[in-house]
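If you check TrEMBL, you get these features:
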type: ACT_SITE; residues: Glu1195; note: active site, proton acceptor
type: BINDING; residues: Cys20; note: [2Fe-2S] cluster 1 binding site
type: BINDING; residues: Cys60, Cys63, Cys95, Cys97; note: [2Fe-2S] cluster 2 binding site
type: BINDING; residues: 198-205, 292-296, Asp305, Arg367; note: FAD binding site
type: BINDING; residues: Gln708, Phe739, Arg851, Ala1018; note: Mo-molybdopterin binding site
type: BINDING; residues: Phe853; note: substrate binding site
type: DOMAIN; residues: 170-359; note: domain 'FAD-binding PCMH-type'
Amino acid sequence: MVSRYRPVTKTITHYAANACLLPICQLHGAAITTVEGIGSTKTRVHPVQERIAKAHGSQCGFCTPGMVMSMYALLRNTPQPSMDDIAEALAGNLCRCTGYRPIIDGCRTFCQEANCCQESGVTNCCINGENGNSDEAEYVSPQLFDKDQFQPLDPTQELIFPPELIPLTFQGERMTWVSPGSMDQLVQLRSRHPGAPLVMGNTNIGPDIKFKGIIHPLIISPTRVTELFETTQTPEVHSYRVWVGAGSSLSEVRTLLENLVPQYPPEKTELFRALIKQLGNLGSQQIRNVASLGGNIVSAYPNSDLNPVLAAGRCKLSVVSSGGKREVPLNQDFFVNFGKTILKPHEIVVSVFIPFTRKGEFVGAFRQAPRKESSFATVTTGMRVFFSEGSRVVQDISIYYGGMGPTTVSAVKTCAAIVTRQWDDETLGRAYEVLLEELVLPPSAPGGKVEFRRSLTLSLLFKFNLEVLHKLRHMVRPFSFIFSGMEKKKIIISQTPLPQSVSQEQNSQDPVGRPIMHRSALSQATGEAVYCDDLPRTDGELFLALVTSSRAHAKIIQLDVSEALKVPGVVDVITAKDIPGRKVRTMCGYDEELLAGSEVSCIGQMVCGVVADTRAHAKRGAAAVKISYEDLPEPIFTIEEAIEKSSFFEPRRRIERGNVTEAFKSVDQIYEGEHRMGGQEHFYMETQSMLVVPVGEEREFNIYVSTQWPAATQEAVAQTLGIPSNRVTCHVKRMGGAFGGKVTKTSILASVTSVAVTNRPVRCILERGEDMLITGGRHPVVGKYKVGFMNDGRIIAADIQFYTNAGNTIDESVLVIEKILLHMDNAYNIPHLRGSGAACRTNLPSNTAFRGFGVPQSLMFVENMITDVSMVLGLPADKIREINMYRGPSVTHYKYQFNPENLLRCWDQCKAKSTFSSRRTAVDQFNQQNQWKKRGMSIIPIKYGIAFGEGFLNQAAALVHIYKDGSVLVTHGGTEMGQGIHTKVQQVASRELHIPTSKVYISETGTNTVPNTCPSAASFGTDANGMAVKNACQTLYQRLEPIRKKNPKGLWETAFFEKISLSATGFHRGPDLYMDWEAMEGQPYAYFTYGACFSEVELDCLSGDYRTLRTDIVVDIGRSVNPSVDIGQVEGAFMQGLGLYTLEELKFSPSGLLYTRGPSQYKIPAVCDVPLSFNVYLLPDSYNPHAIYSSKVREPVVFLGSSVFYAIKDAVAAARSQSGLAGPFPLDSPATADKACLASASHFTQKVRVGGSVGRWAGLWVGL
């Protein structure tokens, strides 16, 4: 949190900000408060830290400090916030683990709102037009935490602003930072250095420096020039003059406008309200707190949110230079080219004139973006129309668009077609045609989505038309178009899931089955939790920066490191020749080079590493490395190209039950379809991180690393260095998320880092963009299916072909294919079922394991096939699913026997909890009454196999020490990444040793205490390691039985004096699983877990935007060891699945370069994407004899995010039906706004036709 004293107003302002965007120099005179400064477990935990922790809002914990500080800053300004205040404060924070619900629950306790039935946990609500007290209202279930135990918030106890804080120059190695203290100094500096950028919020220059390597020798920061922050307004009603200081932050501008609106008649504040609307979605609260109004304007981004509105609203700028002052209108002439305006280099924007509007003048502002908040817009617009008094004749009109060219563009011809004419359907109909011809994008336009963007220009004008018509009719009710009042409700409501009850006979001190807080939650909330890069820098430590290939398929002709070695601080450059041991890692019979030697096979492949004394010097050295290439012919990027050229990793897999070919001859109907599913980036909050420390003798190394598989990293480093594994010790304290992305890739990165070590430690921490470029993600898949079915909906035969894009190396791709085929039946008993799968070898970065490991892809195709069958037959999709579900004693297509009882129970309870039938009726009625909004709903089941199909991976070991004071130290082979394995293991040890959890401590996972561990993956970590710890604890408990009978009070010391070992190892062999692919049968899983999910969405057919109105999940997790941890994992998995199927989109260039390399281009779900009503239920009375304490895992819920996809598809089908279109239609995953909009086939999308060939890449996300 940044706090500043404002001398003009004599007030102190507090605001949350992104630390990565704030240069230290710019903070002169400011007070900085970090998460460590507001509370600590060693002194006093702040109420915000306590409530997020105890509400189970911290899992991996890497995002928790940011959540805490965003909420803390809000409370410093608003001690009693509303729910909308909380939603806005958290909008700029991302979490990949929790699903946001528990975070919001913790923050909600500061909220004083109590009037809305949503705040009481009631599902039906007045805001939905429903009666919160109706018979269908859900009861309020018990909470997972007791808010009465929270310490109160006392604003008087907060840190005070330091009283001592009231031309400054800072000199860096390559930059000089100057902060003038007056306007005269600023003008002189700008005159002498017209090319030096002015930095206020650093939201433009900062990312350029960090990510593009742009260097500015001089930076001018005018934050102390008071004239830039002055706002003037004349009190006379008829003057209508407001000048806003160009240095004012966007948050300050919004507050100013919000204060002005109630002071004047509504017709005077049309422009103010339009700007307030745009400012509400521009960036995040943290960005708006620092970004300036003037900076936003002169940056001249083509998809600017504000510039179209300011230009349409007749705003102007006051600029000053050494030549004097002048006023510059914001119009079509102001924007010259990308990032360029008509302002001269030495001119400074002092203030911005925002006029009042006149009677009969209306202003509209609209935007469409990949995500509702914290996302660059795809298309934005500002529109203003002025009518002659008492008529509908247009006297003046301005229409500006962003995102339709290299600059903000004015639709001059369209305006000319409207002005002086009546505002009616005929005029607007003509305007649409003119607009379509006026704003043309070439098929290869930057940003792609040409058809969608062109259709948006029409639909946004149509929305403005609706608003204008509404206002012309003088309707009293506020205009709401998109989400029926839902868009104003930004925060979720949830029925806090009912924790399972424990047996009355269970000891009150026994923690198993109780919602215990994550053992590290408080440390994570206070910033005390230590992650890999938090380890203190040691003397002589070096940093490694990687150099990656810029070509997708080429020979390396020359690797020139001479310039890199000249960079100050650079110590060495590591290449493949420097590797003393094995230069490759072998997976499934294929070798993967640690560093490319003579040839590269994808952009992002590691070629060498630069070692330097600081991160900055290492990055400069890496940029100085010169690589000469000779391109090799015909690189392969797509699955189609790989199929055409037979580029596959072997073995390919096939499985069949029954006789599919013969069965097709006996069915009533046959349908053939195809579906495409994009990949997904792990986007763990903590990027790949490692520190390799030489011990100093006998070539011994300690490796501190963020990995899911310490033993694999240990083995890889040992083989790379040519030393025994006993010389390498891997330490894993915790990870800031992993999701499968820190298994194979981490071992390779650690191996490369270890080569750089001589006698000094070496640290390697990947930047977000590097991580996304190098490490790969979830496999994209293309699937083709042929299905035969009867007219009553019974599916008799299906043949499905799966092709994954494996990338340039095999990694775990064949294993992913195997799991895809083993789950292709999902919940359905299809008598004749055939599947084949192939991992395509391409020249994209290699894809790897990801939560679900192929199951989210496999089941997506099965459910799409089911949906197509329902559309062909004209029957409800849920009926087709029910008809074909497994029932009674069943056998899978690989001859594994199981009982689907819990699957059917999940399905039935989900339908009941969601009131499925009544909601179906309500959705159909809504769709009949609304033309441009459609609702859709779906219910999806899942059957998911648990454990590793490779039996040896199911083993686990543990080591338990008891000390003489009775404290217990537990180590096991599992690693903590937010899933709560250490918390559950602590509960296991507490139960088995009959001691409080406070006596049990888990320090880290280390290969020196538990060797030869298996990966913490497949959600099997607690199953295996919990059993190993249980085994060790039972050994100790039984060993101490004689002592306990003699002296129960002095148990531990007595045992020591009687020479009884207080240490024991534990081992769990795990199930012997296998799969025989030749015989096409086996037992690859220990057991199944089940679930079902209902989702309902509302779709804006004009823009493709949607909102998830409700989600109900029923999941079978057996007897949960810790319900709060498991429910958090369920919600987080669902949100990750929602991102996979509806939001997250990887885009590659024609040359194979990943474009989406960071949060500005790649959008994961945020708070705004959480279902408005989000309810999770644990299936009661479920038992599992195959796992620790009859529990089950919750990884399957990732796939249940597809219920939102199929709800969107249901809404699209309703829109298409309105246009006379029926039957199956393609909608690929993710169902982003552009795909949903175009598939809806509205009048406007049908008007748009892209002329000419779109080429191989235009309009596609590549990755297939």
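Cβ from N, Cα, C; glycine included.
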Cα-nearest neighbour of Phe739 (Mo-molybdopterin binding site) within the listed binding-site residues, Cys97, Asn202, Asn204: Cys97
Length of the line joining the Cα atoms of Met200 (FAD binding site) and Cys20 ([2Fe-2S] cluster 1 binding site), in Å: 14
Extra residues within 8 Å (Cβ to Cβ centroid of Gln708, Phe739, Arg851, Ala1018), Mo-molybdopterin: Ala738, Gly740, Gly741, Val743, Ala849, Phe850, Phe853, Met977, Ser1016, Ala1017, Ser1019, Glu1195
In the chain carrying the residue listed as 'substrate binding site', residues 6 or more apart in sequence that have Cβ under 8 angstroms from it: Gly740, Glu812, Leu815, Val816, Lys819, Ala1017, Ala1018
Distance from Cys20 ([2Fe-2S] cluster 1 binding site) back to Cys60 ([2Fe-2S] cluster 2 binding site), taken between C-alpha atoms, in Å: 21
For Asn204 (FAD binding site), the one of Cys20, Cys63, Gln708 that lies nearest, given that the binding-site residues are compared by Cα: Cys20
Using Cα positions only, nearest of the recorded positions to Gln708 (Mo-molybdopterin binding site) (Cys20, Asn202, Gly294, Glu1195): Glu1195
Between Cys95 ([2Fe-2S] cluster 2 binding site) and Arg367 (FAD binding site): CA-CA distance (Å): 25
Close in space, distant in sequence - Asn296 (FAD binding site), Cβ under 8 Å, 6 or more apart: Leu250, Ser304, Leu306, Asn307
Residue from Cys20, Cys95, Gly294 whose C-alpha is spatially nearest that of Arg851 (Mo-molybdopterin binding site), among the binding-site residues: Cys95
Rounded mean pLDDT for the residues that make up the domain 'FAD-binding PCMH-type' (170-359): 91
Residue among binding-site residues Cys97, Leu198, Asn202 with Cα closest to the Cα of Glu1195 (active site, proton acceptor): Cys97
Other residues, Cβ within 8 Å of Cys60, Cys63, Cys95, Cys97 Cβ centroid ([2Fe-2S] cluster 2 site): Ser58, Gln59, Gly61, Phe62, Thr64, Arg96, Thr98, Met685, Gly736, Gly737, Gly978, Gly1132
For Ser292 (FAD binding site), nearby residues of its own chain (Cβ under 8 Å, 6 or more apart in sequence): Met200, Gly201, Ala246, Gly247, Ser248, Ser249, Leu250
Of the binding-site residues listed as Cys20, Cys63, Cys95, Cys97, the one whose CA lies nearest the CA of Gly294 (FAD binding site): Cys20
Residue with minimal Cβ packing [other Cβ atoms within 10 Å] among the binding-site residues Cys97, Leu198: Leu198
Where the record names Gln708, Phe739, Arg851, Ala1018 as binding Mo-molybdopterin, the maximum Cα to Cα distance in Å: 12
Distance [Cα-Cα, Å, rounded] between Cys97 ([2Fe-2S] cluster 2 binding site) and Asn202 (FAD binding site): 29
Sparsest-packed among the binding-site residues, when each Cβ's other Cβ atoms within 10 Å are tallied, from Cys20, Cys60, Met200, Ala1018: Cys20
Rounded Cα separation (Å) that holds between the residue listed as '[2Fe-2S] cluster 1 binding site' and Leu198 (FAD binding site): 18
